[in-house]
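**Q** First, the structure itself, so that you have it in front of you.
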Amino acid sequence: MSEKHPGPLVVEGKLTDAERMKLESNYLRGTIAEDLNDGLTGGFKGDNFLLIRFHGMYQQDDRDIRAERAAQKLEPRHAMLLRCRLPGGVITTTQWKAIDKFAADNTIYGSIRLTNRQTFQFHGILKKNVKPVHQMLHSVGLDALATANDMNRNVLCTSNPYESQLHAEAYEWAKKISEHLLPRTRAYAEIWLDQKKVATTDEEPILGQTYLPRKFKTTVVIPPQNDIDLHANDMNFVAIAENGKLVGFNLLVGGGLSIEHGNKKTYARTASEFGYLPLEHTLAVAEAVVTTQRDWGNRTDRKNAKTKYTLERVGVETFKAEVERRAGIKFEPIRPYEFTGRGDRIGWVKGIDDKWHLTLFIENGRILDYPGRPLKTGLLEIAKIHKGEFRITANQNLIVASVPEDQKARIEKLARDHGLMNAVTPQRENSMACVSFPTCPLAMAEAERFLPSFIDKVEGVMNKHGVSDEHIVTRVTGCPNGCGRAMLAEVGLVGKAPGRYNLHLGGNRSGTRIPRMYRENITESEILDSLDELVGRWAKEREAGEGFGDFTVRAGIIRPVLDPARDFWE
């Protein structure tokens, strides 16, 4: 990215109300404990509505029945979403059995939702069950700390499980980074786990008393797979190996996909290369990036507060030099690396130690017992006999990891009997959506509930043009916050209003290019008309091995986004 307009290191002005809230919260306590005992409302009041996010929860309501309840003079049907902290997506079968039971017994929807942040969410937790869910997680060695709001969120790690020593090492670093950047406040333990208050004063040596200016996302990625979509994240450690052993990381900083419709000060941005660092400097560098963003990030405008905007304001080289100063190192030149794809390899893959790994495609990541496809029961039955663990992928799928040869047939039979290994087209495997309606308060258009039937129609277009064995990375996100990562898709739909989307084209299969808006505020049938024409051209005019996104750029259908801060909206 360019250094054309270096600006002030710190943005002066009136701080946002979120900054006041954090400062007055007594290190994230607020009055959450008192609010839990208020039976007059199903929700949290005042600052607590936002403070619970630091504890891994969002307050939501069922938007399908919001108007009906308002007509009955009832408050919305409040319930919480809880997101678990699960670095690298690894979960034991003991933990899985516990979360399966909680979902069945204590949530409105009865489902487990795998997310593209490589963890799981519960939707529909009533207020009376909020404390029990944290205690259940703690009882099996899990927590929900720092999975939302202005902290370092769940750390992602490439999912190919244990195919080499490299993957095991990378996963350990994901855990170390996650632990190192956690908040130190005792508020979580006091409120949810009934741990006694201690006399010592809380301190936050890394995050600070007002935490970060905005959410912060971190990945550890092993080329050539970009399954974790590094360019959606603030801080990325790209594993560099010599003779199959991890020796260090390339650091890329300042990716992020969230925008606001019509606000040209917002844009999606790919991460910038800072340089290579040996392993021993990893935690110092991670801390230096976070504290630089802590001190320089914009606290006067939350829509301009993420690391990507800080980099553009102060300049990449200035930010990089400050990270070097704080970490006490000089970055070496970037080591060579490349990404060739980011999909999961569905089915069996053999790893090291003669163990096998079974990747199961879970459409939209929603684990529930559907008619004729009891996915949730199937995974529970596998968890009862599997001696290894599960891994959640950043594509919202699930890996049954480290299966011995003599257990393979039994686990495969359970998976097949419960609809977990039904045949899936390459197109469906490479499509993804965020949750959106009915639970997300930000949703503008359907996403998860829209995707399956939409992909049926896209597959019809692919069949018509003779490319049914191909795939186009397709993503639907219900609003411009971009949880569905549509801003790294070949075909990205961004919700604008019920039944209407902005259509973005020109991303690539490996997730290294931002797509540009092609048509604005259009219906499903208009989207399909565009795809019918363009897929037809792709089928006839493409070069050998050329993906749809690359074709749309080469053919001049869409101009590539080269410098997002300046050309994203052109």
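Positions of Cβ are set from backbone N, Cα and C atoms, glycine also.
Copying in the features that Swiss-Prot gives for the protein in this structure:
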type    : residues               : note
BINDING : C434, C440, C479, C483 : [4Fe-4S] cluster binding site
BINDING : C483                   : siroheme binding site
**Q** Far apart in sequence but close in space: which same-chain residues, 6 or more away, have a Cβ under 8 Å from C434 ([4Fe-4S] cluster binding site)?
**A** N116, C440, A447, E448, V476, T477, G478, C483, G484
**Q** Can you list, in sequence order, the residues of the same chain other than C434, C440, C479, C483 whose CB lies within 8 Å of the CB centroid of the [4Fe-4S] cluster site?
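**A** Not counting the recorded site residues, we get V435, S436, L442, A443, A447, T477, G478, N481, G482, G484, G495.
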**Q** Looking only at Cβ atoms, how many others are within 10 Å of the one on C483 ([4Fe-4S] cluster binding site)?
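**A** By my count, 23.
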**Q** Would you mind checking how many other C-beta atoms are within 10 angstroms of the C-beta on C440 ([4Fe-4S] cluster binding site)?
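**A** Cβ-Cβ neighbours of C440 ([4Fe-4S] cluster binding site) within 10 Å number 21.
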**Q** What same-chain residues, at least 6 away in sequence, bring their CB to under 8 Å of the CB of C479 ([4Fe-4S] cluster binding site)?
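**A** Once residues fewer than 6 apart are set aside, C479 ([4Fe-4S] cluster binding site) is near S436, C440, L442, A443, M444, A445, V494, G495.
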